[in-house]
């Protein structure tokens, strides 16, 4: 009996060790989120080198234009679906019978989730000039690619809004065409602030979800990265639709303004460019300098290289 019990204990111990190796029991209860398990070692990761400011060679590659086409199509689909949702809400005589403001927010956030998932491996899934601007400031893409992305995003948004108007010309003009403006009861300063903070939330989420350090630590993150980005868009829309209709995407605001082509849309158009670009710049500075301390890392690495003895 003693021999059987000791053999059972050994077998149980071996199974426990095997479970720990498989990761079934290595995370204790009440472990703080984002921390390593006891005895765990962080996975190796390496930040990619900064992109060159100008990379003329990529103009001769198909991947450069393929990425631009992906941004065009994604922004086209995003604007088409989101503005169609806004039009459906506006046309209904009984607002309780429509998707409501919550449904509009879900349409915007859900489309970003789906489209980022589809295009992340091709172009990075920006679908927003503010995101491209933030990545440009963080040296994650060249000026050449950044400007090209913004151009294709704006063209896609114009085409998306144009198709919506083509399907329902009169309602589009009567209901405002989904164009952004500062709503009654709010000041332009308030609208600008809402756009800055909303875009900060979005771009900060993009930086965090695509952080190479987090990806190395937690392998499922690349698969789930579009999810927090989509949720960021959703909650920002819930917060700021009453204020500005929620821009946080200059291409979406420009496309609707061009197709609607009304003074109301053009009077506030600058807010939907200045606000998102300021918000994106603040998010880039906060994530890259304050949280990741990238300039200091580069400084330390340079000094460590200088201190190494020559071989």
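Glycine is no exception: its Cβ is also placed from the backbone N, Cα and C atoms.
Predicted automatically and left uncurated, TrEMBL annotations should be read as such.
Keep in mind the model is a prediction, meaning the values are calculated, not measured.
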Per TrEMBL record, range annotated transmembrane segment [choices 221-243, 244-266]: 221-243
Ranked first among 104-125, 146-164, 221-243, 270-291 for CB pairs under 8 angstroms with the transmembrane segment (184-209): 270-291
Positions on the same chain near the transmembrane segment (221-243), where near means CB under 8 A and six or more residues out: 101-102, 104-106, 108-110, 112-114, 116-117, 120, 125, 182-183, 186, 190-191, 194-195, 198, 201-202, 205-206, 208-210, 214-215
